[in-house]
Structure formats: structure tokens, C-alpha cells
Amino acid sequence: MADLETPLLQAEPGLPVAHGQLHDHPAFLRACHSPWRWLDQKALCWVRGSILAYLVAVGIMIIDYKVEAKSDFSDWRIIFQYDSITFGLVLSYHALVFEYRILRGMSLPSNMASLRKQFYFTLFYFTTCVFATVNTILYWFVTLPHNDAEDGEPPSPQPSGVSGQAYLYSPMRAMEVELQMTPTVGDFFDASETPFTDLLGEGWFKAFVYINLFAITTGIMLFEIFFLNSIKRPWDVQPVGAHIFGLLFFSGLYIGWASIGKVLTGADAFFWLNEEEAGSREAVVANCLGFVLLSPVVYSLIYGFIAIRETVNKSAIVTRMHRAAAQAAAEHSD
């Protein structure tokens, strides 16, 4: 049965789901309710609010880093970068759900039973999850190995006050650089006293930005899938096919957006979109096809994560039902 903390989430026994309906309850409502009893509405509000506040703060720092970073290209390149778009999607999703839950006091969109509105919302949800995961996969398994091979960004943090080349290849030069280094925080602190520098090395802010862009955002969406919402898998072939088609469309749309960015700013969103880096125009086309086809593969992965959550949650519900039945039988026998 439904309770005060999780209203409307438990269907009445014997009442089947309406034909063609995506969920037994609207996706908007399921996005605002955790499937776990221990995460009630009050706690969920605090968690969502904390995540949103964190994303806003990190987003400001990411913008500051990208704008201040030395580049031969215009700052407008930022809006064409895949990681920027992905972070924007994650931030928008959490802001939207938090607004549904708090600012409107659960006054959700009118006509929640509209299949069209439910489909658009679930497509936005799955697109956010897929893009965040693809962004992480591309960085750690494609971009970073390529940059390491060419000694490109992001460089590994180096010991405090010493440049990478000097530290690695010339001990005498490293000592000279250390002596010549000027303070980085006012006149009262030297580089070794900068917060977090001893832990992460010089340039820790860059590492913080990259970890948030290519790891933490994906972790937040996985946490969202497993704990913060009870959106179910679409069972029918039609919504699954529509989601896959939508993901293919948005991935192809991004390739077009990145091409526009190349024309306007001269910067490539990915190295494999550059014909000189890829080796040929045919290689660029193949890379683009691989990028587009990666989305449905990741979608199946997200689908599997939701299936795991539903299976574990169903098992917990069945266990509670058996315990309640056993307790009721024991009380009746007494």
C-alpha cells in the first residue's frame, strides 16, 4: 500500500496497467520518488538539493577554468564541446526534477497521463544518462590514451613548484626553477602552501575539473538510476525503438553541431574529427558512425542497470510481504 512518504507508487492489487501506458504511474511522479523505503521524501529532497547545489558550484568552476585556459581558439568553442553539453544536460535534469519536487510542491505538469509528455521526459532522462556515460567512455578509453601518447592534456599533476619537464629530465634545472618560483597566493604563502597542492600537485584545479567532467557526473547519474528515482524500463517494443531512434538522432545532431563549431571557431570537439589526426576523410566518417552507434550500446547498458535495480527492489518487497504474512499468521494463531 502507498504511505505518506511514497504516495501513489504502489498499485492496487488486481488492477492492470492501462493499455499503452509507459508506467503504472506517470514518469514525472516516479522521477520524484525513490524506490527504496529507507530514502523517504524528506531525505530525497535533501539529497537532490545537495546534488543540484554541487553541480551549480562545479559548473561555475568549470566555466571559469575553460574561459581562463590558454587556447588559440575563441571561447565560443566551449558550447560546442561534448563534455560541456553533457554537463549541461545533467545539471538541467537535476534542476528540472528538483523543481518538480520542491518549487511546485509536487504540482507536476498538467495532464501527466499524456503518453507524449511521458515519452519526451523519459527520452530526456535516458539521453542524459547515455550522454554522460558516453562522455566518460570516450575520455578514459579514447581521448586520454591519445593525449598521453602525444604528451597532450591533461598532464599528470607534478610535485609542488616544479614543472613537469624540469622535474623529470633535469634535476639541476628543477632546483633552479624551484628557487625562481614566485608565490602563487599573496606574499605570505609559497607554492607548497597552496591548499591541496601537497596532495594533488601543482595544477590540482585542472584535475578537479576533469574528474568532475569525466567521472563524477556519470557517477551522479548512476546514483540517480539506482537510488533517486523509480522510473521503470519501457517494456513495449515501440517506446524502446523510439528511445533508440531518438538517441541516434541526438548523437548525429551533435556531430552536426560539432561541425558548425569547427567552422565558426576552428576548434575540433574531438581529435578524431580532425582529418589530419584521423588520417583520412573516410576515417573521420567511420569515427562519426562509431560515435553515433555507441549511444544505443550504452542505452542497453543503462537498461540493464535499471533491470538490476528493479530485480533487487522487487526481491526486497517480496521479502517484506513474506515477513508480514508470517507475522500476521503468528498473531492470528496466538
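Glycine is no exception: its Cβ is also placed from the backbone N, Cα and C atoms.
TrEMBL annotations: computationally assigned, not manually curated.
Feature annotations, reproduced from TrEMBL:
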- 43-63: transmembrane segment (TRANSMEM)
- 78-98: transmembrane segment (TRANSMEM)
- 119-142: transmembrane segment (TRANSMEM)
- 207-228: transmembrane segment (TRANSMEM)
- 240-264: transmembrane segment (TRANSMEM)
- 284-306: transmembrane segment (TRANSMEM)
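At the 8 Å Cβ cutoff, the transmembrane segment (78-98) and the transmembrane segment (240-264) share at least 3 close pairs (sequence separation 6 or more) and count as touching. Between the transmembrane segment (207-228) and the stretches 43-63, 240-264, 284-306, the greatest number of Cβ pairs separated by less than 8 Å involves 43-63. No contact links the transmembrane segment (240-264) to the transmembrane segment (43-63), because fewer than 3 Cβ pairs that are 6 or more residues apart lie under 8 A. Residues of the same chain lying 6 or more positions beyond the ends of the transmembrane segment (284-306) and with a Cβ under 8 Å from any Cβ of it are 126, 129-131, 133-134, 137-138, 222, 225-226, 231-233, 243-244, 247-248, 250-252, 255, 270, 272-275, 278. Within the chain carrying the transmembrane segment (43-63), a Cβ under 8 angstroms from the stretch's Cβ atoms is held by residues 32-34, 78, 84, 87, 90-91, 94-95, 97-98, 101-102, 205, 208-209, 212-213, 216-217, 220, 228, all 6 or more beyond its ends.
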